[in-house]
Amino acid sequence: MDKKYIRNFSIVAHIDHGKSTLSDRIIEFTNTLTTREMKNQILDSMDIERERGITIKLNAVQLIYHNPKDNQDYYFHLIDTPGHVDFTYEVSRSLAACEGALLVVDASQGVEAQTLSNVYLALENNLEIVPVINKIDLPSADIDRVKKQVEDTIGLDCSNAPLVSAKTGLNINQIMEAIIEQIPPPLDSDDNKPLQALVFDSYYDAYKGAVCLVRIKNGQVKVGTKIRFMSNNETFIVSALGVNTPKIVNKEVLVAGEVGWIAASIKNIKSISVGDTITDDANPATTSLPGYKKILPMVYCGLYPIDSTQYELFKEALEKIYLSDSSLTYEYETSQALGFGIRCGFLGLLHMDVIRERLDREFNIALIATAPSVIYKVLLNDGTILEIDSAAKLPDKTLYKEIQEPFAKAEIIVPDDFLGNVMELCQNYRGEYLDLVNVDSTRKKVTYLIPLAEIMYSFFDKLKSCSKGYATLDYEILDYRKQDLVKVDILLNGNKVDALSTIMHREFASDRSRKICLKLKEHIPKHQFEIPIQAVIGGKIIARETVSAMRKNVLAKCYGGDITRKKKLLEQQKEGKKRLKAIGNVSVPHDTFVKILSEE
């Protein structure tokens, strides 16, 4: 295969600017699938992706395009990427396997927060960026304004940018020409050098075992080759290899410059790490390819199976998901209230949501999640720094000097009409104003420094509602800062409930604790004695609600008669309730925790 006829590219864009639809049209245009096989979002393989209309997993396909200009067949390797801020890691991995990127911009929405961050990722990987203006068939499309925005904010020349409608398939041929003319072929790849293949993704197949998606940088790999993973020196014999078109197509050999998949009967999921380099065991490469910087989770939460008998199944399921999503981290934990569970680290709230939904759908495991938390740094009295991801791990107040929390630089692009609302929201969430610049005549980009914990605490939903859905957010972690943070414990009848302990800012502690207490009061069933629900910081009670006792009518058998008789019965009841309260345990049904934690 001549290298000059190969093009490796990905499609990047903000959410809803039409990446997956454009991928569909490109696949259609190359006649890779028959009309019967085509369906919308063909590259989004998970049901969740189709339902939510978002891309979560990157996906790589090989397309053959016959160019009428020079009468040649070109091999396009298209890698579809997610657009949501939580899945930036997926984008960076797919870009490392390409030479170019199509930057899709919506002709009515223009440049948005995620558009910019994806451009920076592409520039970091030295990719050739081809701007594409999409949705030109919309009545609200303003092509000239969007072209000027791209030129001003990103610095890309848009004079020859393809103007397309991915929905109707208008001008898709312009994109094909731009891919051939502007994206460079992988000429630095050499079939004769020792094998170097970058693993940019992996998934689990019930029959083939763990399957690696690879970009062959140098050399070639055949069925029967003994391959070696350079990070752990484990060796395997290749049992099958090929490409996706999006159908799985088996081949005998993959050569330098190609993007495909390799199966080698790998049973242990942990043998594969994304970003690793595969080489030939008989003729190994001396150096591995530069992989990816390991991304660290931003949000932690405990996941517990509602049915405790499913715990072992849950562990297996999480291992399988981990294979295709190496940004997930997990460790085993137990809770008095919820039993055995796993504490997981996620890239953001959407990532957490998606993993929970995948566990529910693909493995039929219903889960309960504790309140999400970020990583705090605790400066101990002896000067060492302890990193904690849950309130349960916070040491006693006497053992540390201060708590630091992560701050994020949040860039919000918002129409002028909603600027006041957005700035007020940021102030309410402990935001610190940094910058305000014009994006165009009707929109501003405002930059705030906001604690990551606040972004996790319903900030995104509030941002959408206060801007009627028009504001877009992009954030990155900047640094850790000392804050007045406290641990709030919830007591039921004087007993601490570990699953409900949280770390929060002192300023918001009483208000948020009151909400938790009220929620508990709604859901806890009545007992024979009254139950105090208290939120405490150390020994100080900052919020309290009471679940009143069930009252048995002890006077029912007294018809008239002496009042002292009635008083005596009421006194006896009062004494009994007092005794019960001292020795009685509050039994909180498991589904009460499910309700409380799912509402939080």
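Every residue, even glycine, has its Cβ placed from backbone N, Cα and C.
Taken from Swiss-Prot, the feature GTP binding site covers Asp16, His17, Gly18, Lys19, Ser20, Thr21, Asn134, Lys135, Ile136, Asp137, and the record attributes it to sequence analysis. The annotation domain 'tr-type G' is assigned in Swiss-Prot to 4-187.
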Most Cβ neighbours inside 10 Å, all chains, among the binding-site residues Ser20, Asn134: Asn134
Candidate with sparsest Cβ neighbourhood (10 Å radius) among Asp16, Gly18, the listed binding-site residues: Asp16
GTP binding residues Asp16, His17, Gly18, Lys19, Ser20, Thr21, Asn134, Lys135, Ile136, Asp137: largest Cα-Cα distance, in Å and rounded to whole number: 17
Averaged pLDDT, computed only over the residues in the domain 'tr-type G' (4-187): 77
Ile136 (GTP binding site) CB neighbourhood, other CB atoms within 10 A: 20
Helix, strand or coil at Ser20 (GTP binding site) [DSSP, three-state]: helix
Local backbone state of Ile136 (GTP binding site), from DSSP in three classes: coil
